[in-house]
Ligand SMILES: O=P(O)(O)O[C@H]1O[C@H](CO)[C@@H](O)[C@H]1O
């Protein structure tokens, strides 16, 4: 175990300097982080469901009942979130009648000092805390011409661009306690949860789509030609997150439900291009906050 120092209740964290303090691939070091989390929260029971909030979608965390909030600053090894719209809190409590743990803020590969395994650390910690299901959300640009601003999209499958180029969270030492060296991603997004989500949306009158999410490296938004490229290969929505978390979750045997909020329409015409800004992404997410929250709550109510 290399250099994860947790002494006398003093918790160093990785916010400014600690990114090399622990190896996010080391099961035992992560267990220490998980223990530090456990020791700071009065766990009511084992959380069965983990949630990751996308950009501006932190309202989902604010819906949690009897919340216990642990700032990422108090979790050793956790970097701080640097993207606006990601608060940086781990919240324990009840949602849809189940005990959950929610990451109100995620780490993106384009943030300072990140590697994909470090970005996916919260998933491994939630696995060690005992979750069996992960609900992951994101803000994304719509590519499918049938999509509208503000739609929710159930993720049916993904194209993990960094992963295809060798930047996978599973690259490097593999501890079999997390799962196998080679992971099959043929059924990453659980079909029963997808069906449940589509039913819930219909019953609740929530505009819903289903489609393929592409994770690009970012932080630049895609050029019109790149959007056209992804459209041609079957993409429905573009973002800069999620696939690394889902890959790690699947390695651990966690079943996954994912959805995107379509915050902007990605443009394919360089002669009539439209600028995308993170501010507009956040505005769209804010507008959808209540809808996203009740969507997630109703799904959780009906998860077996
Ligand atoms: O995927 P989330 O975290 O929702 O964030 C999305 O919003 C940011 C761009 O506006 C990018 O980080 C993109 O991935």
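Cβ atoms are placed via backbone N, Cα and C, with glycine included.
Those TrEMBL annotations? Automatic predictions, nothing curated.
Taken from TrEMBL, the feature phosphate binding site covers 55, 86, 106, 107, 108, 139, 241. The Cβ neighbour count for residue 108 (phosphate binding site), using a 10 Å radius over every protein chain in view, is 21.
TrEMBL lists 222, 264 with the feature purine D-ribonucleoside binding site. Taking Cβ-Cβ distances under 8 Å and a sequence separation of 6 or more, the neighbours of residue 222 (purine D-ribonucleoside binding site) in its chain are 141, 216, 230, 238, 266.
The domain 'Nucleoside phosphorylase' feature in TrEMBL is assigned to 49-301.
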When you measure from each Cβ to the nearest atom of ligand 1, which of the binding-site residues 107, 222, 264 fall under 6 angstroms?
none
As a whole number of Å, the Cα atom of residue 108 (phosphate binding site) is distant from the Cα atom of residue 264 (purine D-ribonucleoside binding site) by 19
Which entry in the list of binding-site residues, 55, 241, 264, has its Cβ near the fewest other Cβ atoms, using 10 Å as the limit?
264
The predicted model's mean pLDDT over the domain 'Nucleoside phosphorylase' (49-301) is 96
Beyond the listed site residues 55, 86, 106, 107, 108, 139, 241, identify every same-chain residue whose Cβ lies within 8 Å of the center of their Cβ atoms for the phosphate site.
54, 81, 83, 85, 105, 138, 240
